[in-house]
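Novice: Pasting a structure here, questions to come.
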Amino acid sequence: MSSHIQIFDTTLRDGEQTPGVNFTFDERLRIALQLEKWGVDVIEAGFPASSTGSFKSVQAIAQTLTTTAVCGLARCKKSDIDAVYEATKDAAKPVVHVFIATSPIHLEHKLKMSQEDVLASIKEHVTYAKQLFDVVQFSPEDATRTELPFLVKCVQTAVDAGATVINIPDTVGYSYHDEYAHIFKTLTESVTSSNEIIYSAHCHDDLGMAVSNSLAAIEGGARRIEGTVNGIGERAGNAALEEVALALYVRNDHYGAQTALNLEETKKTSDLISRYAGIRVPRNKAIVGQNAFSHESGIHQDGVLKHRETYEIMTPQLVGVSTTELPLGKLSGKHAFSEKLKALGYNIDKEAQIDLFKQFKTIADKKKSVSDRDIHAIIQGSEHEHQALYKLETLQLQYVSSGLQSAVVVVKDKEGHIYQDSSIGTGSIVAIYNAVDRIFQKETELIDYRINSVTEGTDAQAEVHVNLLIEGKTVNGFGIDHDILQASCKAYVEAHAKFAAENVEKVGN
């Protein structure tokens with residue numbers, strides 16, 4: 001019988017530390033709901049003491065989820081712990097995650113504390129947290145660069161003070177398989193408690209070993225894995241939870257352990273995070289990449305056609321990838337479109353389907369066939385526009401002279417107010433973005449601009465992601481359209497709209 005491995009998702013906390021990623025309030029809530037649908041055991045919803053926005057997001061998630069534990073991060077500070085309590089007190093299963101650094105380099109250069117000071121702080125703050133929470137998780141930050149005897153003391157101190165979950169973070173992705181497994185084995189054998197203690201692994205991917213080390217931790221006695229969807233996170237990212245889960249599923253013969261994830265929701269969860277983070281999943285990404293179930297070699301194709309298991313160790317359907325796609329066309333009606341939405345796992349009311357069907361017909365008139373990926377793109381684009389405080393209404397371009405272009409942009413807010421401005425630039429994109437900047441009356445820096453095609457072919461829809469720096473804050477925008485310039489403008493407007501929404505601003509004019 002397989003043992004249960006808990007999944008602790010930190011996409012909304014550690015994942016959001018990815019450069020250029022800044023989820024909006026609505027996006028955080030939608031992500032949390034999808035993570036609950038995916039079946040994660042715990043969601044680290046944020047760091048409530050860090051900002052008002054983080055506090056409100058954690059609070060909303062705690063008040064919304066019904067089955068998943070909601071966790072907030074806290075330093076060894078009573079004010080941090082109080083903030084987590086206030087944010088999560090309405091959760092079905094509130095959890096506080098208390099941490100302090102323990103490695104020599106952190107003690108000397110960051111904390112300016114002795115080992116005795118750290119042990120005293122752990123005892124004081126875990127004890128305090130236990131007065132407010134039934135479940136307290138403790139993490140010795142930079143554990144893998146901490147002397148093992150001192151690490152044992154830190155963990156024993158936390159357990160004695162009431163912690164029942166101990167997380168061992170490989171904060172800078174420094175450890176390797178055998179070493180990390182040994183740390184867990186040592187702790188499980190050395191630390192004593194009358195309570196059941198769950199050991200948790202938290203790995204970063206700086207040396208490309210986050211998933212491998214997470215699996216090694218299970219071999220060493222860990223019963224919880226922490227990570228993010230698609231492996232997003234600061235620097236090289238975190239352990240990709242979908243990879244950990246499928247490794248346990250496929251190699252259950254070795255690990256003898258399983259998660260409780262609804263694996264068929266894996267691809268949908270990955271796509272949602274990719275879209276909101278503005279980070280495209282690499283085509284060759286394990287489990288959820290576009291090429292994960294593709295076979296180019298003739299020998300491989302022949303083998304798969306004869307028997308799929310010759311070159312596939314798991315089925316696409318297992319993770320929610322459809323392989324029985326029946327494209328729609330310009331003659332497809334509302335019923336066929338509605339049935340396609342159901343087949344793709346969408347539960348959309350009839351009123352919303354009317355607008356989506358109009359968008360579908362517009363694309364169908366321009367393409368020979370409309371694929372499932374096109375349908376996903378239509379819905380994704382519609383969701384973004386529906387959530388946005390402002391959206392693109394019209395865009396007009398005109399050639400001026402000497403290589404200059406003129407752009408007239410019209411934006412509409414949720415109340416129906418119209419904002420219009422124009423500008424010129426050395427090319428269409430520059431002209432468009434100058435005009436949008438004028439509408440929102442903000443000076444911006446374009447950090448990143450990426451175009452991807454939703455499908456193959458010259459008639460494919462364009463998917464544009466932008467990252468902007470506005471008043472020292474990074475925001476991302478996303479736009480989909482059959483026209484690249486329209487998609488580019490939508491993405492830029494969305495980035496501005498996100499900034500305005502987070503800062504409760506109204507545009508000028």
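All residue numbers here begin at 1 and follow the chain in the order shown.
Glycine residues also receive a Cβ, built from the backbone N, Cα and C atoms like all the rest.
Grabbed the feature section from Swiss-Prot, which reads as follows:
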- D14, H202, H204, N238: Mn(2+) binding site (BINDING)
- 5-267: domain 'Pyruvate carboxyltransferase' (DOMAIN)
- 391-509: region 'Regulatory domain' (REGION)
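Locate each feature and note its surroundings.
Specialist: H202 (Mn(2+) binding site) is surrounded by 27 other CB atoms, counting those within 10 A of its CB over all protein chains shown.
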Novice: Mean pLDDT for the domain 'Pyruvate carboxyltransferase' (5-267), as a whole number?
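Specialist: In the predicted model, the domain 'Pyruvate carboxyltransferase' (5-267) has a mean pLDDT of 97.
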Novice: Who sits close to H204 (Mn(2+) binding site): which same-chain residues at least 6 apart have their Cβ under 8 Å from its Cβ?
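Specialist: For H204 (Mn(2+) binding site), the qualifying residues are P169, D170, T171, V172, G173, A210, G233, R235, A236, G237, N238, A239.
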Novice: Which site among D14, N238 has the most other CB atoms no more than 10 Å from its CB, taking these as binding-site residues?
Specialist: N238
Novice: Taking DSSP states H, G and I as helix and E and B as strand, how many residues of the region 'Regulatory domain' (391-509) are helix, strand and coil?
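Specialist: Going by DSSP assignments, the region 'Regulatory domain' (391-509) contains 32 helix, 54 strand, 33 coil.
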Novice: Other residues near the Mn(2+) site, CB within 8 A of the CB centroid of D14, H202, H204, N238?
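Specialist: Other same-chain residues near the Mn(2+) site: T10, P169, D170, T171, C203, A210, E226, G227, T228, G233, G237, A239.
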